[in-house]
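The transmembrane segment annotation in TrEMBL covers 64-83, 103-121, 133-152, 158-180.
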Amino acid sequence: MAAKQPPPLMKKHSQTDLVSRLKTRKILGVGGEDDDGEVHRSKISQVLGNEIKFAVREPLGLRLWQFVSAVLFSGIAIMALAFPDQLYDAVFDGAQVTSKTPIRLYGGALLSISLIMWNALYTAEKVIIRWTLLTEACYFGVQFMVVTATLAETGLMSLGILLLLASCLLFVAISVYYYYQVGRKPKKV
């Protein structure tokens, strides 16, 4: 028995016909502009969307600021956990520490925030970056208010306290700046 040969494949010419292709694209709903003014080349890109739309437009220096913040939070956390007396003395010149426990709890809280900062450094999600920047701005704002209230109660004035207050205001300003820059809508290209 001889094997029966399949018939030769016929090339379909309807897709080469310009009118047929346009009709097919019209039925699929691709090729025209959508509500955002974008022209989709395929149904898949229309359903999934344009990946450029979701990319975060990072402001200049954002990743450097995130790295500096993570290092700063980690360093102060480790110092508060390991050397609470020295940290307190550096800020409040010569004031005696009555208990190390609150300073170590402060170090634990800072270490937790620093872990969030380190993880935010490696993400590309706009929402996570904005939340960490907002967390940082709120932390430094609260720290500014607490140190100011402590300064008013005790009357201690030192270069360390003034430096801490100035750096808190600077860090709040930088974090809020990047928070709004990351949240801005990108310009249409």
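Each position is counted from 1, following the chain as shown.
Note: Cβ is positioned from N, Cα and C throughout, glycine not excepted.
Just so you know, TrEMBL annotations are computer predictions that nobody has curated.
Most Cβ pairs under 8 Å with the transmembrane segment (103-121) belong to 64-83, among the candidate stretches 64-83, 133-152, 158-180. Within the chain carrying the transmembrane segment (64-83), a Cβ under 8 angstroms from the stretch's Cβ atoms is held by residues 103-104, 106-108, 110-111, 113-114, 117-118, 120-121, 129, 132, 136, 171, 174-175, 178, all 6 or more beyond its ends.
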